[in-house]
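According to Swiss-Prot:
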{"type": "SIGNAL", "residues": "1-22", "note": "signal peptide"}
{"type": "DISULFID", "residues": "C39-C74", "note": "disulfide bond"}
{"type": "DISULFID", "residues": "C70-C129", "note": "disulfide bond"}
{"type": "DISULFID", "residues": "C117-C138", "note": "disulfide bond"}
Amino acid sequence: MMSVRLMLVVAVWLCLRVDASQDVMKNLSMNFAKPLEDCKKEMDLPDSVTTDFYNFWKEGYEFTNRHTGCAILCLSSKLELLDQEMKLHHGKAQEFAKKHGADDAMAKQLVDMIHGCSQSTPDATDDPCMKALNVAKCFKAKIHELNWAPSMELVVGEVLAEV
């Protein structure tokens, strides 16, 4: 009887952790994308970039447009998440994650995932936008593996609430 209770407590805790993680990822995504319109104007990016961001967490949605990678770089720069070499600044990225709901462990895990994706994707030295796009694809896959991707209903609800 005690082991059944323990299993139930663990199962409930894991479900709450996943829901909390999805909520944090929703907050991070919404705040990361706030300067998107500025980046689109500054870089003359097409509306397809907005579509990619809108569908970013949708499972099975493939984004291949290098302009989306350029937008990711622009957003990261505007949010001061990059160092002088245009690489992720781990400390600032962890602070950004914590500011938007992640605890220390989750913030570190997110930055470690992005760093791992950056290391595992081939360098496109002649095209930093494609490198950013490939890192984003890898990161998205890792978030889905953890079941941390926010539901589309949550994201759409937030977007509609801000309009």
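Backbone N, Cα and C atoms are what each Cβ position is placed from, and that goes for glycine too.
Structure coloured by features recorded in Swiss-Prot.
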residue : record         : CB count, 10 Å
C39     : disulfide bond : 20
C70     : disulfide bond : 21
C74     : disulfide bond : 21
C117    : disulfide bond : 19
C129    : disulfide bond : 19
C138    : disulfide bond : 18
Candidate disulfide-bonded residues C117, C129, C138, pick with smallest Cα gap to C39 (disulfide bond): C129
C129 (disulfide bond) and C117 (disulfide bond), Cα-Cα, nearest whole angstrom: 15
Assigned element (helix, strand, coil) containing C129 (disulfide bond), judged by DSSP: helix
